[in-house]
Every structure is written in C-alpha cells, then in structure tokens.
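Colleague: For B:151, B:177, B:188, B:274, B:400, B:405, the entry in TrEMBL reads substrate binding site. Under the heading active site, nucleophile, TrEMBL lists B:188.
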C-alpha cells in the first residue's frame with residue numbers, strides 16, 4: 001500500500017467539485033458533488049439516531065441501487081426535523097441533479113449537514129446545482145470538495161492510497177467532515193470514500209462495514225450522535241484487478257487499505273473536535289475479548305473527567321480506571337497496568353491493579369504533547385481495541401454555549 | 001408533611017458531629033460521625049462501578065447488621081484503588097470507633113470521599129476518631145456534619161421534614177455531598193438519611209430503594225459514576241407510630257416524605273455541580289412507559305451539547321431532540337411538543353414533531369434564570385419521569401483540567 005496525494009478526482013471513474021453556493025456565512029465552498037458518469041456500486045452506514053434527517057432516509061432507500069452516478073452534499077443546513085417538506089426538498093434536489101446530468105433521480109444520493117429544524121434555502125441550492133453540474137466535468141481544484149463539506153471543522157480531511165492486486169493498480173480516496181457541532185445547531189459526521197476496485201457489491205459491503213466499526217465508530221468528540229451521520233463508499237470498478245467475489249487474499253488487502261483510510265479520516269475528525277487541543281488514543285490490550293475491549297476503550301474516550309484532565313496534561317489515572325469501572329463491563333482490575341505514552345516517551349502509572357510511584361515531571365512532559373496515548377494492559381487475553389477522541393476544553397464550551405443567533 | 005429546620009441531631013436516637021481532623025487543605029470540618037447509641041436498622045445503595053472503594057466493600061457486608069451504631073465519614077481521601085492495605089485501614093477505623101464508643105466493630109459503617117489511589121493518613125484519622133468519639137455526646141453545632149462531608153461542594157446540603165402518622169410525630173433528616181469531582185482526583189456522591197420511624201428493616205428497605213431511583217439516580221453532573229457513591233438510611237425506631245410491617249397507608253406517607261427528602265438533596269447536588277451556573281430539570285411527560293421516559297430524561301440531562309447550550313441560554317431544542325434520538329429508546333417524534341420553562345414563564349418551541357416559530361426574546365429571558373425546566377410532552381401515554389442536572393461551563397473544564405499537584 002502506497003500513501004499518495006490521491007484525491008477523488010484521481011480515482012478512475014470519478015469527478016468531484018466543491019463550489020460556493022452561498023449556503024453559509026463564511027466565504028468558502030459549501031456545495032459538493034461526486035460524479036460517476038458510468039455509474040458506481042455503493043454501500044453506506046447511517047446514523048442510529050431515531051431522529052433521522054430527510055436525506056438519510058432518502059439515501060437508506062437509494063443506496064441499494066446498483067448504479068449510483070451522483071452524490072450531492074450541502075453544508076450549512078442539515079435538512080433534519082423538517083417534516084414532509086424536508087423530504088420533498090431532498091427529492092427535488094435529486095430530480096434536479098438528474099435533469100442536469102441526464103441521469104435518473106434514483107441514481108443520486110443526497111447529503112446535508114448544518115443547522116437543523118430549518119428548511120433548505122432551495123433557491124440557492126437549485127442555482128448551485130445547475131452551476132455544479134455544469135462545471136464538474138472541467139473542474140481542476142481536486143481539494144475543493146473536501147473544503148465544501150466542512151462546517152465547524154478547522155481543516156479539510158482527505159486521504160488517498162494506492163495498492164497493487166496481482167500487479168494491477170487500485171486506488172482508494174476519501175474525504176470526511178467532523179462530528180463537532182455547528183454554530184448554531186448540530187452538524188454531523190460525513191465520510192465519502194471512492195475506489196476503482198473491481199469487486200461485487202456484496203464484497204464491497206463486506207469489506208466496508210467492519211472497517212467502520214474500527215474507525216468512525218471508535219471516535220468520540222462529545223458522545224452525541226447526530227441526525228445526519230453518514231459514511232458512503234462508491235466503486236467505479238474501473239481497475240484491472242480480477243473481480244473480487246469472495247474473501248480471498250486480494251479482498252483482505254483491499255479491506256486492510258480501506259481500514260487504514262477510514263482510521264486516518266476518523267483520527268483527523270477526533271483531532272479536530274470542537275475546541276480540541278490534542279488527539280487522544282486509548283489502547284485496551286491483552287483483554288479476553290474484543291467486544292468488551294471496545295466498550296472499555298470508548299468509555300474512557302467519552303469520559304468528560306478524563307477529557308478535561310488531558311486538557312490540563314494531568315496524569316489522572318483514577319478517572320481512566322473509573323471510566324472503565326462504570327462502562328458496564330465486568331472485569332477484575334488486579335492484572336491491569338496503565339501507561340501514558342507520546343512522542344516524549346512512555347511511563348507506567350498503575351500496575352497489577354494498584355497505583356505506583358512515577359516521575360511527575362516525566363509524565364507531564366509526555367502529556368503535554370499534541371498526541372497522547374493511554375494503554376490499558378489487562379494481561380489476560382489476546383484481544384485489543386483502539387478508540388480516539390480529544391480533550392475537553394474551554395473552547396468546546398465556548399463554541400457550544402454560544403447563542404444560535 | 002412539614003418542612004422544618006430538622007437536622008440529624010433533631011431526630012431521636014441520633015447524635016452527629018463534624019470536626020477538623022486536618023484531612024484537607026481547606027480549614028473546615030472533614031471528619032464526621034453519626035452516632036446511634038441504642039442502635040439503628042439500616043439500608044444502603046452503593047455504586048455500580050466495578051471499581052469499588054474499600055469502605056464500600058466493607059459497608060456492603062456490614063449493612064445487613066440489624067444494629068448499626070456508628071457511621072464515620074472522612075473527606076479528603078476516598079480510600080479507593082488502595083488494595084489490601086486500604087481494606088485493612090477500613091477495618092482499623094471501624095475497630096477504633098468501636099473501642100472508643102464501646103460498641104462492636106460490626107456495628108460501624110465507614111465512608112470515605114476524596115482523592116483516589118493514595119492510602120489514608122491513618123495517624124490523623126485515628127487521632128480524629130478519638131476526638132470525635134469523645135465530643136459527639138456534647139456537640140452542639142447541628143450543621144457541622146453537613147460541612148464535614150463536603151469536598152468540591154460550594155455549600156452544605158441538608159434537609160429535614162416532620163410527618164404525622166396517626167397523630168404520632170415522625171422525623172426524617174438527611175445530608176449529602178456532591179458528585180462533582182474533587183481536585184485532584186475523583187470524589188463521589190454520598191447521602192445519609194436518618195429517621196426515627198418505627199418500621200421493620202424489610203419495609204425500610206422497600207421504602208428507601210425506589211426513592212433512590214427517582215432522586216439520586218436521576219441526576220447527572222458529568223455522567224461519570226464514582227468508586228464511592230453511597231446512600232445510607234438509618235432508623236432508630238424511636239417514634240411512637242404503630243410498627244410499619246407492610247405497605248399500608250402509613251408506609252406510603254413515609255415513602256412519599258422520604259422521596260421528597262431525597263429529591264431535594266439530589267437537586268442540591270445537581271445545582272452545585274462543578275462549575276455549574278444553573279439547575280436544569282427535564283420532564284418527560286405523557287409517555288407510554290416510565291422506564292423509557294427515564295432513559296429519555298437522563299439522555300437529555302447528560303448531553304454535553306445540551307448542557308453547554310444552557311450555559312449560553314441558547315434555546316437549542318435540536319440538541320434535546322437529538323439526545324433523545326440517540327438514547328436507545330425507539331420513539332416516534334410526530335406527537336412530541338417541547339417547552340422551556342422557568343420563573344419567567346413558559347414557551348413552546350417544537351410542536352407535533354416539527355419546529356415552530358417562537359419569540360426569541362421571551363425564550364432568552366426564560367433561559368437566563370437560575371432554574372430552567374425542559375418539558376418533552378409526547379401526548380401518547382400516562383407516564384412521566386424527571387431528571388436533574390446542570391450546565392457545562394468554563395469552570396467545569398477549569399476545575400477538572402487542573403493539575404493534581
């Protein structure tokens with residue numbers, strides 16, 4: 001697997017574009033399109049929230065289509081809690097895209113992120129759609145789409161890799177936006193991955209869904225899951241590799257590369273959580289089963305007390321222990337070791353279920369880094385899990401406490 | 001039921017005292033004793049955290065004793081994650097109390113709150129125990145015990161009521177300390193209720209435990225549950241009411257008064273959450289069952305986004321809806337109405353599953369109050385639940401992000 005500056009535009013069968021359709025106050029792209037002229041197979045993972053935005057409901061139906069040709073994304077408005085009008089607007093968007101690109105509306109997926117409870121500014125969106133459909137064929141800024149889907153994100157999130165399957169090149173490229181919450185209302189986590197791998201729809205789904213459980217489902221910015229969370233993968237199947245139709249060696253290579261792409265995007269989201277000053281990684285290792293290891297890791301990463309302690313570079317192992325203790329997992333702490341680790345080194349602070357004396361200056365130096373790792377080693381099994389998050393800061397409160405107006 | 005300035009000392013059969021045993025930096029009481037010379041029956045509820053402090057493990061065993069005569073509480077150190085030495089220290093404390101009060105060590109309950117992972121300063125505690133046991137008989141400051149159990153609490157929490165059962169007076173008095181987290185490590189929620197009601201141990205437990213589910217179990221400061229959370233009730237059975245040995249009219253009157261006491265203490269804890277500027281109350285009403293109504297109410301009260309919005313007096317109904325949506329409860333929002341309410345009035349912001357236009361000035365006025373209520377009216381059943389919490393503020397991050405040293 002080679003990590004390259006590969007964007008959606010570099011993957012055969014796809015064009016991408018982001019334009020400013022005046023949907024947000026900031027002067028930046030805010031309407032995005034992925035266009036697969038000859039169609040793509042797709043798979044998607046959608047929010048578990050009972051309250052689902054109109055485009056999510058729309059996509060959950062259309063994702064089964066064997067031939068997706070366009071994915072439209074607007075920022076600035078989530079089209080959530082907007083009732084029947086909101087759903088009709090989603091359909092109108094799909095129809096307009098279809099008209100301008102001369103495709104079927106069932107071949108369009110629609111995504112929105114931004115304020116909830118307000119109807120989409122359809123006049124601006126429809127003008128934007130006309131423009132974006134015209135310009136997509138000859139658009140040269142490969143990074144404009146990653147900017148267009150941003151809301152409170154402070155930087156665009158994109159990554160691409162290339163791999164070889166029996167000597168044939170296959171590309172994967174992805175973009176994402178953060179789970180932080182938009183001023184004035186909630187936003188969402190969105191991820192879009194494209195690839196040219198020659199694979200069946202079944203196998204694409206089989207590769208994709210487990211990688212979500214190890215990436216986007218293992219991050220937490222504030223524990224809140226939104227009405228619009230969506231991650232979609234598309235494949236143009238233009239690569240020359242032998243068709244993957246079972247879980248063979250090439251399938252595994254692809255899945256591994258996909259997991260890398262998704263984890264990197266997920267980490268970018270965690271590190272760019274609202275107000276965050278650092279990326280936290282939690283490794284629960286040598287535990288008796290993976291499912292519980294995941295629960296333990298996520299309980300630590302979502303604990304406000306732990307997150308606030310990391311903001312203060314405080315080696316507060318007690319909060320980590322406590323967060324595992326109330327996670328619902330029944331464990332015995334008497335084999336547990338805890339470590340803090342970063343670019344400045346690694347230090348053990350807890351051993352076999354008991355606190356130990358450690359060098360406070362050293363631990364402070366470790367915790368002041370921008371990326372900090374917590375290791376919980378249970379020494380009782382062969383399973384591990386990793387979760388990512390960020391610290392809880394003054395700026396988180398500031399951003400989320402501010403008035404909607 | 002009459003609400004009076006009734007303290008533990010006013011309830012027949014009990015003496016209480018708080019002294020400064022130099023266990024904390026602040027110059028304030030930090031060692032507390034409840035003394036029931038002629039014994040009391042007891043019931044307790046303890047933390048669900050897998051990691052339980054030594055005194056919690058000790059109490060879970062001794063609470064079954066029919067004759068509790070002393071309850072000791074120290075602040076400043078939680079005696080959690082302290083291994084066998086910690087448990088032995090708990091036993092030594094009980095033995096010393098027993099020696100000085102000339103009772104059995106099995107008749108003592110032991111409670112600790114404060115820093116975790118550090119052994120108790122036994123020299124100071126043992127000196128304190130000698131002093132407290134000597135002074136308890138002739139101590140006059142009825143409020144010293146409520147101060148002695150405080151950690152990061154900004155004010156003591158106490159309440160008392162008197163009720164009449166068939167013309168006979170019965171008293172209930174309680175104290176509590178907050179679930180906020182102590183500098184430098186986690187603290188805990190502690191509650192101690194005493195009464196003189198003539199009741200069997202079985203019936204005392206039957207009255208007590210359900211009131212916990214409606215009070216202390218319905219508050220959230222930061223979603224973290226600690227290693228030491230404990231609530232204990234004692235009855236001296238000195239009141240002249242006819243013995244309560246079944247769920248009769250008098251049992252229900254007592255239970256109702258007990259629920260009032262526990263809810264008031266729980267609300268004091270929520271309002272005094274670390275860094276909190278206001279008390280939030282969430283009422284989920286007219287829902288189809290109580291269990292799910294509770295889950296919905298607690299999901300709102302623990303949402304960081306909702307809590308931060310209330311700090312900013314922001315009428316962000318979208319976050320409330322979202323928090324219910326990810327609670328795990330499957331509901332349909334199409335009958336749901338949302339209201340904000342306070343001393344300044346009440347306003348509807350969401351109706352039958354859709355946002356409505358509301359007066360922004362009015363809602364701001366309502367939300368700027370110190371006590372704010374959210375009402376989620378589902379109009380689909382007869383069950384309700386109430387939860388309490390506080391806003392998420394800069395000071396929460398400051399208190400919990402600060403260094404341990």
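Backbone N, Cα and C atoms are what each Cβ position is placed from, and that goes for glycine too.
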Colleague: Taking CB atoms only, which of the binding-site residues B:151, B:274, B:400 fall under 8 A from chain A?
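Modeller: From B:151, B:274, B:400, flagged as close to A: B:400.
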Colleague: 10 Å Cβ neighbour count around residue B:177 (substrate binding site)?
Modeller: 30
Colleague: Which residue, out of the binding-site residues B:151, B:188, B:400, shows the minimum number of other Cβ atoms inside 10 Å of its Cβ in this structure?
Modeller: B:151
Colleague: Tell me whether residue B:177 (substrate binding site) sits in a helix, a strand or coil according to DSSP.
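Modeller: Reduced to three states, the DSSP call for residue B:177 (substrate binding site) is strand.
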Colleague: Hey, what's the Cβ neighbour count for residue B:274 (substrate binding site) at 10 Å?
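Modeller: The answer is 27.
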Colleague: Under DSSP, is residue B:400 (substrate binding site) helix, strand or coil?
Modeller: helix
